[in-house]
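Residues or ranges marked as domain 'Radical SAM core' in TrEMBL: 59-293. The feature S-adenosyl-L-methionine 1 binding site is assigned by TrEMBL to 68, 125, 160. The [4Fe-4S] cluster binding site feature in TrEMBL is assigned to 74, 78, 81. Annotation comment: TrEMBL describes 126, 127, 199, 224, 258 as S-adenosyl-L-methionine 2 binding site.
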Ligand code: SF4
């Protein structure tokens, strides 16, 4: 069935969403899949004993480690936020958290063989650079003492940066501490959008940090943008993209704003009148994808793109055991997926009682692994070879994923996916609904 042309307001410049099917069925942003199974599938029956077992079991394969450290503090709350930040203006509020992080490191590291390489370190938040320079140094020292950090040139040590909470001194300090990749939260440079989400950050802040990062020789500089924010327009976002592309980020993440005030209290402060029509969000996404393609950026995953020439170095990701530290942090190793409490008081209480704070999780089944590989392959390559996938898991993937292929029938009719023999491919319009196409493989979605 051919897709019908869709009427789009004439006063908004830029390409249009040409497929009525997209507007009708795929207007909502869809799930982000930071991982599969999704966090919503984790069950409370999994606790510290499972996590200890997985930590010890992981020593047999002795894969390199990836450490994620969550720093939940922010000076000021952005209205679009889904991360449940702890807002404070006092650095002294951080100290008790750092002590508990250290306790968690001790409880975790005692189950790991010494000498396992920490190839990857990621500080996320919240705002990791809300920490004072001394607190950052202290945290790095503790991580090094507990796990042994790497000084190898090919280590990947990344920190998320809110440009309002960092300056040239911060970057020099981070470089001295061993970070070699920065991830800047740019979101949208349109002042109207910034006011609507209570996050005013002039473009000059970002440019200054990029200049300094270049001078200091950081290996990579990534930027995060968000599509669908309140007050966003095609013209405004195209302008943001031009300014961002001029800074030549190594990687770009194009996240999607999902308005869910019933789940995220901060979003209740977003003015209803500032919200976008669902179709407009798709139109902005279409503008963005076209511009990234024209600039030569290559997709390396759901919402993630890499600068021309860097794609080969970015994918696939090396196999590492991931250890999450801090409130709401997630871990994945030895076939187990776990999460720490989302509420700070629960996280603190567990550590004050001397136990690991694992609060939920899931042991991965062969089916989980197959579906995770399908989602990762489809969102990275925009195609999925069912023969190859099945062979690598020793199953008939077409039969095993029959439910997903049935769910994709409508998308096939709408021209969003197409088959060539055993290979499933995402079409150009299908890229606008990629999250929904990935969701077809999710066995936990109702
Ligand atoms: S979007 Fe980032 S900086 Fe803003 S409140 Fe959320 S975590 Fe903090």
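Each Cβ is built from the backbone N, Cα and C atoms, and glycine gets one as well.
Nearest by CA distance to residue 125 (S-adenosyl-L-methionine 1 binding site), out of the binding-site residues 74, 199, 224, is 74. Among the binding-site residues listed (74, 81, 258), 74, 81 have a CB atom closer than 6 Å to some atom of ligand 1, in sequence order. Cα spacing between residue 127 (S-adenosyl-L-methionine 2 binding site) and residue 68 (S-adenosyl-L-methionine 1 binding site): 14 Å, rounded to the nearest whole number.
For the S-adenosyl-L-methionine 2 site listed in the record, the two most distant Cα atoms among 126, 127, 199, 224, 258 lie 21 Å apart. Within 10 Å of residue 224 (S-adenosyl-L-methionine 2 binding site), as judged by C-alpha distances, no binding-site residues are found among 74, 78, 81. For residue 78 ([4Fe-4S] cluster binding site), the nearest neighbour among the listed binding-site residues (68, 126, 199, 258), judged by C-alpha distance, is 199. Residue 74 ([4Fe-4S] cluster binding site) has a Cβ environment of 21 other Cβ atoms inside 10 Å. Counting only the Cα atoms, the space from residue 68 (S-adenosyl-L-methionine 1 binding site) to residue 126 (S-adenosyl-L-methionine 2 binding site) is about 13 angstrom. Taking the domain 'Radical SAM core' (59-293) as a whole, pLDDT averages 96 in the prediction. Residue density at residue 224 (S-adenosyl-L-methionine 2 binding site): 19 other Cβ atoms are found within 10 A of its Cβ, drawing on all protein chains shown. For residue 126 (S-adenosyl-L-methionine 2 binding site), the nearest of the binding-site residues by C-alpha distance turns out to be 74; the candidates were 74, 81, 160.
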